[in-house]
Every structure is written in structure tokens, then in C-alpha cells.
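*Asks:* One structure, as C-alpha cells, below. Some questions next.
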Amino acid sequence: FPGLADVSISQDIPVEGEITVPVGSHSPDEDYSTLDEPVKDTIMRDLKAVGKKFVHVMYPRKSSALLRDWDLWGPLVLCVSLALMLQGGSADSKDDGGPQFAEVFVIIWFGAVVITLNSKLLGGTISFFQSLCVLGYCVMPLTVAMLVCRLVLLAGAGTISFIIRLIVVGAMFAWSTLASTAFLADSQPPNRKALVVYPIFLFYFVISWMILTFTPQ
């Protein structure tokens, strides 16, 4: 480029821009990570979070507490516990109860997935895993009902036993339904809440019917 030979750059032309890297003070929280804390503290923090969600289910009200920090540990524990208690076969029988456990496990999770998809298709603002979290945690009253029914059945199966189990299961069914709808109410369109509540009603009704009709072999 012969034309560039005559171009001279003045030394007085200022250079614009910043080439220095600003060094700011970082707060300790910005550098904090769960990898830096002991395993015991991590486990205790997660257990406290799960326990707080159980408390919210026991005292249901319109709140987004279960939606902010969702997890599936609590629903998994409740689902496994309920499926284990609904096993009909005893340990020394030919039927080990495996298929029954699988049926209960699949019914609970498949039902929760269907309800979540229905909520999303109706225009719900809740995420997929948040809905699973709420539906799973709200199985806790029915799990308590199953435990009470097992204890009642130890005293024998009869009319009085059936009435007690009917009252307990009915109360826990209403509790689960009201708790789940209380947490999911604000995330649904006002004109479609009935279409969302109806599948939830059927979901917990099926689980309640399985608990009420359970008879150990």
C-alpha cells in the first residue's frame, strides 16, 4: 500500500476506552458453593427443607412455599412408603407383593404426570416439576391414613373397623384435595379452575379407594 507511507499518526491523539480491569469487592455469598460445605450440613439443610414442606401440607393455605424451592425427595419417600404399606402379600407367601408395589408406584406417578400435563394444557403458569412436587407432598395425609388403617386392621376386620377406616380415609382424602388445590389455585386461569380440580379429585379418590379396600392377606 504505497499511499499509507505518507500517513503519520500524531502522538497527541488521545486513546479512548478503558483497558484496565476494575477490581471490585466480592461478597462472601457470591463465592459460596455447596461444594465448600460439609456433607452433614448439606443433608441437614435438605432435610429441614423437606420438613418445612411437610408442615405446609399439614397446615394448608394459599401459599407458594412448595413452589419456590421444589424437590421430589419428599414425594418419592411418600410414594415408596405408601406402596410398601399397600402390599398385600406377606413375606412367607408365594406372592412377594412385587407387582402390587409396582402398580401403586406407577399409578401415583402416572396420575401426577397426567394432572400436571392437564394443568399445563389449560394454561397453568406452574412448571412441570413444581406441580409434581405439590401433588406428591399432598399424598402425605393419605399415607398417614394408610398407617392408621394398618393399625386398625391389626385389631381385626369388622363393621366397626370399616367405619373407623372410612372416617379416617375420608378426612385425609379431603385434606389432600384441599391442600393441593390451595397450593395450585393461584397458578391456574380463574375460568378453568374446575377443570383442574376435577382430575386432582379423581387422583386422590383412587388412592383413597385403594387404601380403604386394602385387606392384608
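Quick reminder: no glycine exception, Cβ is built from N, Cα and C everywhere.
I grabbed these lines from TrEMBL:
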- 57-210: domain 'Yip1' (DOMAIN)
- 70-89: transmembrane segment (TRANSMEM)
- 101-122: transmembrane segment (TRANSMEM)
- 134-156: transmembrane segment (TRANSMEM)
- 162-184: transmembrane segment (TRANSMEM)
- 196-215: transmembrane segment (TRANSMEM)
*Asks:* Among 70-89, 134-156, 162-184, point out the range having the most Cβ pairs under 8 angstroms from the transmembrane segment (196-215).
*Replies:* 162-184
*Asks:* For the transmembrane segment (70-89), give me same-chain residues lying six or more residues beyond its boundaries with a C-beta closer than 8 angstroms to one of its C-beta atoms, as numbers and ranges.
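*Replies:* Sequence-remote neighbours of the transmembrane segment (70-89) are 46, 49-50, 53-54, 95-97, 100-101, 104-105, 108-109, 112, 127, 129-130, 132-137, 139-140, 142-143, 146-147, 150, 207, 210-211, 214-217.
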